[in-house]
Amino acid sequence: MASTFVYALLACSLMGVAWGAGSSFYSEFEVTWGEGRGKIANNGQLLTLTLDRSSGSGFQSRKEYLFGKIDMQLKLVPGNSAGTVTAYYLSSQGPTHDEIDFEFLGNLSGDPYTLHTNVFTQGKGDREMQFRLWFDPTKDFHTYSILWNPRHVIFMVDEVAIRDFRNLESRGIAFPKRQPMRIYSSLWNADDWATRGGLVKTDWSQAPFTASYRNFSADASPSSGGWFNQELDSATLARMRWLQRNYMIYNYCADANRFPQGLPPELTQK
């Protein structure tokens, strides 16, 4: 109980209010690179990132967060987006940083996007899970959310949980809970690995590539809703497991060849 109270105080000191859907990108974010390729429009309600042969672009939040329910609607690069990556994530700074990742790996026209997720704690990642999205993320905006509280990091797509990284500190496994993080996003060229392991390169005749963002919402006030103590109930957990069985295409937990010295401790300890 005491630790929960301390977490609540820390979260309030960093954020204090809940920013609703439709918050202005002008007030909440700054375009940090891309020499004009990142733009805020529609009176602050739309942000676009563009990639061409010369450069990609990116933005970051003006505020830091320690726990919260973070929502953003994205519409991804349409058509032949092979070689491109749209990254949307939370991260602290430094060699022992924490990080919570959504990355959208581009595709050839007609192929599904790959949604890549990862969690870093104290500078250590290698916890990738990848999914095929069950809709075309380029036709309309969809909501991608991170629910981060002292017990869980839950990844959600259109309010459907797809992954739950649990706090297993009782087993000696680090959990991101002490380092405030900013929100970042970038659109960049990664054709050395992004599409079919780098076999499919970026077709620059399709450039410029554009990803769009709207309806940012960050609830980081522990008293404003149930996210601070939220757990997955049995129905939500069953739905997540069904989705993983049907749409997950890579799970580090099942990749024994990658860990010849043994699986990571969160996968082997009881």
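Every residue, even glycine, has its Cβ placed from backbone N, Cα and C.
Keep in mind that this is a model prediction, so the values were computed, not measured.
The signal peptide annotation in TrEMBL covers 1-20.
Residues or ranges marked as domain 'GH16' by TrEMBL: 17-213.
Residues or ranges marked as active site, nucleophile in TrEMBL: E99. Summarising the environment of E99 (active site, nucleophile), the number of other Cβ atoms within 10 Å of its Cβ, over all protein chains shown, is 18.
Summarising the annotation, TrEMBL assigns active site, proton donor to E103. The Cβ of E103 (active site, proton donor) has 19 neighbouring Cβ atoms from other residues within 10 Å, across all protein chains displayed.
Long-range neighbours of N107 (N-linked glycosylation site) (same chain, six or more residues apart, CB within less than 8 Å of its CB): N80, S81, A82, Y113, T114, T195. Look at TrEMBL and you will find N107 tagged as N-linked glycosylation site.
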In the domain 'GH16' (17-213), averaged pLDDT is 94
